[in-house]
Amino acid sequence: MQAKIYESIGGNSTKDYCQTKFKVYLYGGQVTSWKNAHGEELLFVSSKASFRPPRAIRGGIPICFPQLKSTGSLEQYGFARNRIWSIDLDPPPSPSDISHKAYVDLILTHSEEDMKIWPHRYDCRLRVALGPTGDLMLTSRIRNTNTDGKSFTFRFAYQTYFFVTDISEVRVEGLETLDYLDNLKNGERFTEQEDAITFESEVDKVYLSTPTKIAILDHERKRTFELRKDGLPDAVVWNPWDKKAKSMADFGDNEYMHMLCVEAACVEEPITLKPGEEWKGRQEISAVPSSYCSEQLDPLRLLLRG
């Protein structure tokens, strides 16, 4: 099936391949939908999400750049998710074009307004692509285009909202024994003691120096999300739980039960680019049937597959 792009007044592009589809909004350069061949939605977007400025879209895969949380003077997750991106008509060549059966290239560049709050020139490119088996791949390239000889430093994350059936029946594997920063305890550093991460209350943790593969298991749906990443050493795990969910204007009171953020990120050590230098980060996610029939899981096999 030949891939098509559809651009609507709402500013989104939809691509499909073998009935697997994704949707990208030019607002925020944000993926807001990823459906498998059965038409099942794999990403969470709140029913209360706003799809126009100034509020960021609550759900999908927001692009967080150039700041995360309160690590700088900008708004909490930077400004990239609150800007209108453009279709990139002259993207850099990619050796993986052959395997990308459907893709779209977007670009965000500096504006005079943004330079008042972050005085740097840059090109931020994003390719969103479907692999041959329907995997969703995001590749970002950020280049320093300053003409004054100045370097700049930034942080970055793909803030992926996974749709899950019941958060109490979800576990994350691949982060055990790692150090993490607990944002609910003023960023204090701890070491993960559990064999797998499960959810009984609010969670907001930054796992450090993580492996390139992480598994998110939805026990009730018998589905496993596999996240692979390059250039993004850390991973954020977040669920607001009931109390915080009720305090969020763009989030349903009970929607916390059906979502989980696992974010491929660069948090602890920011990235510094000199003029002309480029950074590249990549995330690939797939959804496969879970290979277990009981409570007993084989995390090693899950993390080594592919």
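Keep in mind that glycine also has a Cβ here, set from the backbone N, Cα and C atoms.
Per TrEMBL, the feature substrate binding site maps to R58, Q76, R81. In the three-state DSSP scheme, R58 (substrate binding site) is classed as coil. For R58 (substrate binding site), the same-chain residues that are 6 or more apart in sequence and have a Cβ closer than 8 Å to its Cβ are V45, S46, K48, A49, S50, M248, D250, F251.
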Protein Cβ atoms within 10 Å of R81 (substrate binding site), excluding its own: 22
Neighbours of R58, Q76, R81 excl. site residues, C-beta within 8 Å of centre, substrate: R55, A56, I57, P62, C64, Y77, N82, Q159
Q76 (substrate binding site): tally of other CB atoms within 10 A of its CB: 12
